[in-house]
Structures are given as structure tokens and as C-alpha cells.
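Database features (Swiss-Prot):
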- H63, H65, D155, D310: Zn(2+) 1 binding site (BINDING)
- H65, L66, R67, N97, N283, H314: substrate binding site (BINDING)
- D155, H182, H235: Zn(2+) 2 binding site (BINDING)
- D310: active site (ACT_SITE)
Amino acid sequence: MSDVLFIEGGRVIDPASGVDGVRTVVIRDGKVAEVAERVERPRDARAVDARNRWVTPGFVDLHVHLREPGQEYKETVATGARAAVAGGFTAVCAMPNTKPVNDCAAVTELVLARAAAAGLARVYPVGAISRGSNGEELAEYGELKASGCVALSDDGRPVMSSALMRRALEYARAFGLPLTVHEEDLHLVGKGVMHEGAAATRLGLKGIPSQAEDVMVLRDIALVELTGGRLHVAHVSTAGAVRAIREAKRRGLPVTGEVTPHHLALTDDDVGASGYSTDFKMNPPLRSAEDVRACREALADGTLDAIATDHAPHSAVEKDVEFDAAANGIVGLETAFSVCLGLVREGALTERRLVEALTVGPARVFGLPAGTLARGAAADVAVLDAAAEWTVDPARLHSKGRNTPWKGRRLAGRCTHTIVGGRIVHEEDKADR
């Protein structure tokens, strides 16, 4: 069989290369060989018929929880990678809040070995900022980088010590690593379980004020100014955080940000509308309509650089409890494109900006070799049917997690083929619609 693959007749949208039009993508030896309007295909070459579909660089997710090692009952590297390619993601960054925490080469190497064995999405480990993510002592950043980590995070836990955060930014700068941080002041969070506002009052649930996020973002931007370190703000959810990041960028500081599909599409009112469903419990919590508008505008104008899923699978035991006691987080790899395509249809995003925020935008944040269909680039490609409608059935998801707020929803937009390094690693089963 020929080692050449042709993706024919699709609308190629590649913001990194400035391409948007019907083209044929030619893949040879795992690399993009050509993107052209007219190419003659040899008789023995393989082909994907992409007519009436989008062809984009494979999506890049800066924020996923693969749970391995230590929590394989929730997810494994293999099942998470399978969910990723089903959603069009060819590269994912694995957060370090595993058991044990990824604060050393041994854990990083295990994650990479599991990813290689799965042979699906590319997995880029993120190492811990502090040993055990306990916020007391810095991890060995040189060791983490040498073993394959692309960024550092204590995700799920904020770095409460300003002194430690300062040292982390300085130390990480020496190794060229960004810090991707979970921003919340635990003293303001207290025992809150949802956004502090009228909805929380009506529901009788303890609230988390927006300022819990805002003050930490402002603190860390000040520390970036002091140290010159690179800061990436994870799962931005408030208008105040957006304003702070926008101003930091205006001043030329090395600050970037991401936003999740659920913080773009849902509000705190959805908690009550769902009947206290724990599939609507996450951290940061779903915010107000004003916050959602601010996040949408920030993504559209480039203040926020990337869409990231914060894919967080949990077992039924951890979710099928009262709202206060339930684990935070939802799965998102397989629904992200569909949910965000809804924003395009509402006029909140352009098609080009959507693709950019899922491809070259995140790739640039962590300096990953991804997000483009330029000649010579790795042939990581998503073929997408923007018109296909499907019903979200948790039992049909590839992730072990079933915790999705989109359960039973009819969504539009489906990944039909995912290609990694020139290999077709996912083809849609239309029965899943």
C-alpha cells in the first residue's frame, strides 16, 4: 500500500498558513507534502473524501486530565487519547494531578510510554510547579523538562504563596517553561460550590465570588512583571480576569489565557435548570451571563489565546452524590468542537477564529510543533462535518467518564476522521449519531 494519503475536496481552514478554501492535502511519510487546488492522485494512493467537510490542523488541547497513574478507574492515557482523537484532537497536554503527582522524570516517562503504546493522540506531559503540588517546595524543573514536560502547573490547586510563585516564575524562566496556573484565592473560596450570585442564593448553595479568581490573576501578572516569567492562565471564567489579561497583553507582558467550552456556553443559571445535576459542577464554577459575554469577546478578539477542554473524567461514585459533595469537573474532548461551533452559529465567533483557537493558538502558547498544515509539518489533521447532527449519549463516549452536561443534547458538528503523523487513527461510526 502506498505511504501517501490524499485528503480530497474539503474546505481547508489553516489560520497558521492563511489558507481557507477548497484544497487537496497530500500527506507523505507522515508529513504534509502539499496543499493545493489541483493534484493528480496516483491510482494506488489512499484517499479520504472530504467533500462538504472542513479540513483543519489537528486540534491541540492545553488542559486535560488523563488520570494515569493512580486513578485508572476514572481514565487512562489510552482511553483519554481515544476520546481525544474522536473529538479531532491530535495533541493533548496532560495535567500533573495524578497519583503520584507528576513532579519527577519517572512519572513523566510513564505517561509518555503509555501514550506511545496507545498510538493515538500525541501526549505532552505538564509537570508540577511544586513537589506533590503541595505549594511548599519547588519541583526539579530541569529534570521535568529533560524528561519531556512542556509546561508546569499545580492544576487543581492554586499556588497560594506569593513568594513561592515568584521563585517558580524565575526558575521556570531559566528553563524556558511557562507556568499554567489554576487561579483562585482559597480564603475567598471557602466552602463555596458554585458561582456567588442570585442563582446560588435561590438554590441555597454556598457561592464562590468572581474576585477569588480576579485577585490571583492580578497578583500573578504583577509577579510576571517582576520576574519576566511566562504565565498562562488556565480556564479563565470571569470578566475581571479577562480585563487583567487584556491589560497585561497591552503592556507587552508574557501572559496568555485559555477558556473552556462550558465557560463559553453555560451560566450559573444552568445549575438550577438542570435540577442540581452534578454534571454542572466544576472549578472554576459556571459564572454569570456577564462573565460569559466577557469570555466570548476575549476569545473573539484574541485576548484569550486558546480553547481548552479541562477534560476531567470522574466515576459515577464521585458524581452520583449531593451537589455539595460531588467532585468538580466534566469530560469535554468529544463535545468541544460541537459546543464551540454553536458559538459560530450564534455569531459570537468566526469559523476562522474557532479553528485558530483550537489549533495554532494553543500550539503557540506552549511552543508545540503542531497547529499547522504547512509543507513539512507533521501530518496531524482533523476532518470535520460541520453540518452533522448527533445526540450526546454518555454511554457512547470513548472516555471512561460519563460526566457531561450535554447529555441528551442534540449538537451539530462532528469529527469524521483524525490523522496523526499520516495515520488515520479515528473514523467516525455514524451509528454514534
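Glycine is treated like the rest: Cβ placed from N, Cα and C.
In the structure as shown, the Cβ atom of H182 (Zn(2+) 2 binding site) sits within 10 Å of 23 other Cβ atoms. Neighbour list (L66 (substrate binding site), Cβ cut-off 8 Å, at least 6 residues apart, same chain): E75, T76, V77, G80, A81, V92, A94, M95, T98, V111, V123. Here the CA atom of D155 (Zn(2+) 1 binding site) lies 7 Å from the CA atom of N97 (substrate binding site). Shown are the binding-site residues D155, D310; the one with the most C-beta atoms within 10 angstroms of its own C-beta is D310. Around N97 (substrate binding site), taking its Cβ as the centre, 21 other Cβ atoms fall within 10 Å, counting all chains. The distance from the Cα of H63 (Zn(2+) 1 binding site) to the Cα of H235 (Zn(2+) 2 binding site) comes to 9 Å. Same-chain residues with CB within 8 A of the center of the H63, H65, D155, D310 CB atoms, the Zn(2+) 1 site residues themselves not counted, are V64, M95, G156, A234, H235, A308, T309, H311, A312. Listed in sequence order, G156, E184, N328, G329 are the same-chain residues at least 6 apart in sequence whose CB falls under 8 Å from the CB of N283 (substrate binding site). For the binding-site residues R67, H182, H235, a Cα-Cα cutoff of 10 angstroms around D310 (Zn(2+) 1 binding site) retains H235.
Comparing C-alpha positions, H314 (substrate binding site) sits nearest to H65 among the binding-site residues H65, D155, H182, H235. A Cα-Cα distance of 13 Å separates H65 (Zn(2+) 1 binding site) from H235 (Zn(2+) 2 binding site). Ranked by CA distance from R67 (substrate binding site), the binding-site residues D155, H182, H235 have D155 at the top as the closest. In this structure, the C-alpha atom of H235 (Zn(2+) 2 binding site) lies 10 angstrom from that of D155 (Zn(2+) 1 binding site). Note: the Cα of H182 (Zn(2+) 2 binding site) and the Cα of D155 (Zn(2+) 1 binding site) are spaced 5 Å from each other.
The Cβ centroid of D155, H182, H235 marks the Zn(2+) 2 site; residues of that chain outside this set whose Cβ lies within 8 Å of it are H63, M95, S153, G156, T180, V181, E183, A234, N283, D310, given in sequence order.
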